[in-house]
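Per Swiss-Prot, the features are:
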- HIS34, ASP45, ALA46, GLY47, GLY48, MET49, ASN50, LYS103, TYR136, THR160, ARG180: 1D-myo-inositol 3-phosphate binding site (BINDING)
- GLN40, PRO41, GLY48, ARG255, LYS260, VAL321, GLU343, GLU351: UDP-N-acetyl-alpha-D-glucosamine binding site (BINDING)
- PHE330, ARG331, ALA333, THR357: Mg(2+) binding site (BINDING)
- 1-21: region 'Disordered' (REGION)
Amino acid sequence: MSHYVGRLGRRSPAGSGRLRLHRKPRRVAMLSVHTSPLHQPGTGDAGGMNVYIVELAQRLAAQNVEVEIFTRATTGALPPTVELAPGVLVRHVDAGPYEGLAKEELPAQLCAFTHGVMQAWAGHRPGHYDLVHSHYWLSGHVGWLAAERWGVPLVHAMHTMAKVKNAALADDDTPEPAARVIGETQIVRAADRLIANTAEEAGELVRHYEADPDKVAVVHPGVNLDRFRPADGRAAARARLGLPQDALIPLFAGRIQPLKAPDVLLRAVAVLLDERPELRSRIVVPVVGGPSGSGLAKPEGLQKLAARLGIADVVRFRPPVGQEQLADWFRAASVLVMPSYSESFGLVAIEAQAAGTPVLAASVGGLPVAVRDGRTGFLVQGHDPAAYARVLGDFADTPDLPARMGAAAAAHAESFGWDTSAAATAEVYTAAMHDHRRYRVRGHYG
């Protein structure tokens, strides 16, 4: 069994010789209602899922599976279609006002979005799409209807789940609504296949949503190994970013929201400097990312927290950056810090490791898969700032630790290439198509 594809139940029996001749779909309709793959990760609702969709679609296209991505238009200036890469088309769907709609308000626009998807399909002959792959629960509801209308299988990826998030909320975070829980439960029942990032996420689908284990496939996300690599090293990256060569640099990179817990990093730095004030002159704490959500989600809230903690002089807030510059931030850091309350996988953890930087993370969700505790980084139980401060102190006392662990981290990340992930996803597609056809034939003949 592939390192990337695991089934909680038994594998589907092999298809007939005729089915094996069509192992992959020719064309897939991907749905991403609430965030466009063209948006900058780290801003608003754009994050790891955006990277996931872009990379997966491009690698599927390279493996002769065309992908059309449907997403909601957020400005009237957008063309109806954009070619993201050869074989990958982004289709913008008008659904509600272009600006001012929060993600929480989008369920009211799902009817309009579905109408736009159907309009785009209407110009094609039946069979134009072989499969629907929806991302996040909002897209899952559109995918459910589209797959039924087109007579094709539905593959769905949750990315995050309401019940899991609600069980691990930060103190100042807002619970996911009951309507989302109901919606996710309906999608789990309707989908032909569910893709989970890790075995733990697959288990959560079964425990929390009563998913059929035989429908769940585990496919680890990948990392762009051409972009995220050690390259010319930490010193060169620090020189490009204007960072001191001898500094301890714990980096936070991602959306600024309670779920990601950037405040835990700031509180940990405050604890460290209270205990060891001599480190103040040689620590820099970059926070790279934009606002998302509410409460401490806004950078101003974090800036005020840094001031209250007495560490404003060592914290540097930076807006979201493109993937190439993000790779440089990873290379420059002593350690990437991810104190998240919930992560289905944690793409930035693999990206940082691929760039040669160890990770200090909360032991939640998929992070124990992404990070090898004690070898490529450190995992902390819970969110006590003092626990993170102790590890940061170890990095301060062991100057060769970033390089030593970073080398192991880069080697570890090599096993997470997107080509392998895309090939595994194509296997899931093939299994879904096989079972869907078999079910339809059985239903037709009684």
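Yeah, the Cβs are placed from backbone N, Cα and C, and that goes for glycine too.
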Fewest Cβ neighbours within 10 Å, where candidates are the binding-site residues VAL321, ALA333: VAL321
Any further residue of that chain within 8 Å (Cβ to the Cβ centroid of PHE330, ARG331, ALA333, THR357) of the recorded Mg(2+) site: ARG234, ALA237, LEU251, ALA327, ASP328, TRP329, ALA332, LEU336, ALA352, ALA355, GLY356, GLY406
Residues satisfying Cβ distance under 8 Å from ARG180 (1D-myo-inositol 3-phosphate binding site), sequence separation of at least 6: TRP137, ALA162
Lowest local Cβ density among ASN50, THR357, which the record lists as binding-site residues, within 10 Å: ASN50
Shortest C-alpha distance to GLY48 (1D-myo-inositol 3-phosphate binding site) - which of the binding-site residues ARG255, VAL321, ARG331: ARG255
Intrachain C-beta neighbours of ARG331 (Mg(2+) binding site), sequence separation six or more, cut-off 8 angstroms: PRO230, ALA231, GLY233, ARG234, ALA236, ALA237, ALA355, GLY356, THR357
For ASN50 (1D-myo-inositol 3-phosphate binding site), the one of LYS260, PHE330, ALA333 that lies nearest, given that the binding-site residues are compared by Cα: LYS260
Most crowded position, judged by CB atoms within 10 A, among TYR136, PHE330 as binding-site residues: PHE330
Most crowded position, judged by CB atoms within 10 A, among HIS34, ARG255, LYS260 as binding-site residues: LYS260
